[in-house]
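So the structure is just underneath, and the comments pick up after that.
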Amino acid sequence: MGKKVHNAKARQNPQTIVDNSAVKKIQIDVDAVAGGNQVGYDEANALVLPSEKRATKIKVDKVQHVKILSKKQRKHLQAIVDKKKKKEGRAQLLGDLAAVQIPEEELQQYTSISQVQTVGLKRLPTLDEYLAKKKERQAQVLAEKSSASGLRVNAIKGSKRKLLVEEEEELQAKRKNPNVISVEEDDEDSSSSDEDDEEAPAQSAPIAIPTPVSIAPPQIAVKPPIKKLKPEPNPPACIHQTVYVPVHRTTEVQNARLRLPILAEEQQVMETINENPIVIVAGETGSGKTTQLPQFLYEAGYAQHKMIGVTEPRRVAAIAMSKRVAHEMNLPESEVSYLIRFEGNVTPATRIKFMTDGVLLKEIETDFLLSKYSVIILDEAHERSVYTDILVGLLSRIVPLRHKRGQPLKLIIMSATLRVSDFTENTRLFKIPPPLLKVEARQFPVTIHFQKRTPDDYVAEAYRKTLKIHNKLPEGGILIFVTGQQEVNQLVRKLRRTFPYHHAPTKDVAKNGKVSEEEKEETIDDAASTVEDPKELEFDMKRVIRNIRKSKKKFLAQMALPKINLDDYKLPGDDTEADMHEQPDEDDEQEGLEEDNDDELGLEDESGMGSGQRQPLWVLPLYSLLSSEKQNRIFLPVPDGCRLCVVSTNVAETSLTIPHIKYVVDCGRQKTRLYDKLTGVSAFVVTYTSKASADQRAGRAGRISAGHCYRLYSSAVYNDCFEDFSQPDIQKKPVEDLMLQMRCMGIDRVVHFPFPSPPDQVQLQAAERRLIVLGALEVAKTENTDLPPAVTRLGHVISRFPVAPRFGKMLALSHQQNLLPYTVCLVAALSVQEVLIETGVQRDEDVAPGANRFHRKRQSWAASGNYQLLGDPMVLLRAVGAAEYAGSQGRLPEFCAANGLRQKAMSEVRKLRVQLTNEINLNVSDVELGVDPELKPPTDAQARFLRQILLAGMGDRVARKVPLADIADKEERRRLKYAYNCADMEEPAFLHVSSVLRQKAPEWVIYQEAYELQNGDSTKMFIRGITAIEPEWLLLYVPLLCNIREVREDPAPRFDKTSGKIFCHVDATFGKSGWELPLGEVEMPLSEKACCYFGMFLLDGEVCSRLADFRSKLKSTPASVIKSWSSMNNKVLRFKRALITKQIHNRQALIDQWNSDPHFLLEEYQNLLYDVALSELTPLWPPVDKKEPQRQ
């Protein structure tokens, strides 16, 4: 019991329960208790008390002592709890499994695993042989017994037969094992064996033996065939019928195809394409995906009824791939064709069509569902061009629409270094992630070599590295990556001078001292790619002849052979020994190639070998602006004894595969054109490439054998400064042309379009503002501000031209004053970049214009008057016209060389001119425009109109000269001599040094392009494509950017009867900077004052001629409507309010109101007249003359 606690009873704190049953029986009259506070009575303060003592009961709470469990009991209870939890989990699991179990009807259609052969396959022949022997022995025994059927069989003899039966039963049990099923067993065999078992007892009936008790072997229950349920009719699915279209290739082509990695994946690729509407194929360059995948689809029958479309981001790739595929398939070009911006060979018989992505986008505008195609292949998707991103977004919606209509369209996205996450993880683009196929490239291992330090002068470093490779490493082509055309030409010129190539005719020269004409032409052709100046070309020719004569003298001097001791020389080793000596391992080679010094830049100590002993280099340039003929030279065979060396921009990164390349020198940079999202200012900046691009460049060295890639930057720079992928073009460039095309296609909410990488919101807003300024979009004049701007009629016209929207507006406004031929030439020239060859230093403003040898001739093309004020576009106009005439005479190359024009650019200008001419003739019925080679220059008046048309298209690119009079500092005035303030820029911009208006420096100009250049540690802004304008034109052609401060009443506003509008003189400013504009006349903007002035002209009879007869009966003059005291006259006030309420400020608005309400203004006008009844005016109302136009 334990020790009793002191005062334990008091410590218990029991609960006393009082029996209140007697109190509850007492009846209380509540109303009789006057003023009683019933709420205040409780158990402690009762209202009444019973007469007798209440019974109480003490309740003591019993304290329950918790019994402590032992460890064994706790484990036992825990096991019970765990068992219960497992049972609960098992029930939940069984319930979940039952929920996803297939129906019983469907389950019966499957084959049980017990009916599938799984084990015992090797023992089947042995068992069959053993069973046959047993059956033979049994047959012999039965035959003997049948012959002596009258004899009684003793137990011993019967026991032998019993043993045989038992052995056979045991063997049959093994054969009937549900895990072992003979592949030859069928229903007939099983039924026959059952019959034999039934006949056996009948035959042994006379034999007096006890019937053996045997266990029947387990038999497989063969279920009768179940009729499959007919599936319910589903919507038309994409069921591809197996088709094979034979292709007769040559043996050589077939053998070459078999070496491509994608040929091994053909089965998997085609099965994936057949089963999925959208497929992504990722494979390194050289895997053969571009050339082989269209052939797979052709052989699978996708080109039987529709075409296979393949898009390429570059025109060169589209043409080259088309010809290559046609050659491999042994098909004519009429069936495997291409279509690019200016040319194509597509015919009605075309089955495979290669095109640029812009061409396919234009086809979607006319045929949204692409009903001509069965497959669309988007190649080079990793380059992420603007058109490719739009096509991916559009096709992601077109493919499901075609599937619903029962005309499935396959979409295949191909790329070398694909940003797979942009496609597979973008649920807004693809609701169901498309399958990804990775094709391994036919790639040899490439050893990557980094620099210890990253040099600043990467061109000089590339030159030194090339010398090391050429002098010390084995045979193999060299591919050098630099940033731009200037660096390509500089490096090509330097390498050609260091390792010159002497043609075969040099032997004849050594004999007779003469140079053949063929050698001269070939030498000139080699020098033309790098030396643009004819004087330099002539100097190079003379230098070549001089070197040949020197080599002749050296040859004669060496004819007297000296005595040579062969013991002083060591026999040369083979290539393998040279490889081992020069390339013991990666570290040694890196160290040997990196220990360069600046002395190697000198041409005397470059190689340490005589000019006659050095192996020549066949150095070729490659960049996008190079002519197609010179680009194709990289595919031609290299002359004997030469090593191929290609100096290229990033064109050779993915678009073209250059043969015989073993060494790659990667500078790690690229020239990127950056755009300001708000102002549109562009800047060419040399930046690091992405890691994906660097890997692409390195992969070029592993096409023919194991190669090496020498990266002219450190590994730390590669890890820290290189992005994984380049930023898509759609996020870097202005997108107004993209927005206008999409809006004309019916895509109003461009923000919600499923871009793989959507453009920035700032880009879209800036593009929308520019299109509104151009008049292509119009803000809705409703209270609902959420509606996007609507496309105007002008916007639809602009979208039909394959040029930028600003140039499209210029074409749309040129249908007057015979300006269309000149505008077409201007637009074609302005749309092609770098038409003019610029020489000399262009960044220094102190360089005189005469430093450019073409400047004087261009100054004569824009000599004076409006020709000069038209400025640089006038130079382009004269150049295009003269080049067209020279081309008709067959003298285009000579003309371009003599006048500083790029021949390739002039060819593109002519193609675009022809295309624009055809578009205009197609869309405008009353125009017969042609490309006239004898087009005369425009007149002075036409040149003035062309200035206005240029302003209409480039109204957001207006610049005003910096006022030098306000600058006191002479140095600052000298620095800002050619400086202009642009509308959206804070820093001043300078006129381009080659502009013909640089000396004149007009006060107001428009420019075609603003760009930024690095000038030392700072940057400097330049503008080019300059045209002078008059400031009063801004109010007329760019009204949305003008700010009207005040409407002038002197001179008084006037009403133009032709247009039905009011014109007035205003004080205005231009742009955000508030540049003052001279006094100009414009249409009076909508305001209460404009409505009052319109009412004055209406009462005066100028708006409607029928009301002129009532002018004498007016109670007050028409001018009283615009007076301030007119509000005191109720009748005049009602007339004014009626016009202001309906916003009637021109004749067309009044006519529209009368069309909806014919009695508008009838009562108000009648109140302003003397002695004119309402019945007299009603027949005349509305007072619109039938000859007056209903729509302006």
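Positions of Cβ are set from backbone N, Cα and C atoms, glycine also.
Looking at the stretches 379-382, 531-534, 891-894, the one that Swiss-Prot records under the feature motif 'DEAH box' is 379-382.
Residues THR530, THR576, THR785 are shown; Swiss-Prot lists phosphothreonine for one of them, THR530. According to Swiss-Prot, of the residues SER529, SER655, SER693, SER529 is the one noted as phosphoserine.
Cβ neighbours within 10 Å of LYS289 (ATP binding site), excluding its own Cβ and spanning all shown chains: 28.
Broken down by DSSP into helix, strand and coil, the motif 'DEAH box' (379-382) contains 2 helix, 0 strand, 2 coil. Within its own chain, THR290 (ATP binding site) has VAL310, MET321, ASP379, MET414 as residues 6 or more apart in sequence whose C-beta sits under 8 angstroms from its own. Shown are the binding-site residues GLY283, GLY286, GLY288; the one with the most C-beta atoms within 10 angstroms of its own C-beta is GLY283. For the binding-site residues THR285, SER287, the ranking by surrounding Cβ atoms (within 10 Å, all protein chains) places SER287 first.
Around GLU284 (ATP binding site), a 10 Å sphere centred on its CB holds 21 further CB atoms from the protein chains shown.
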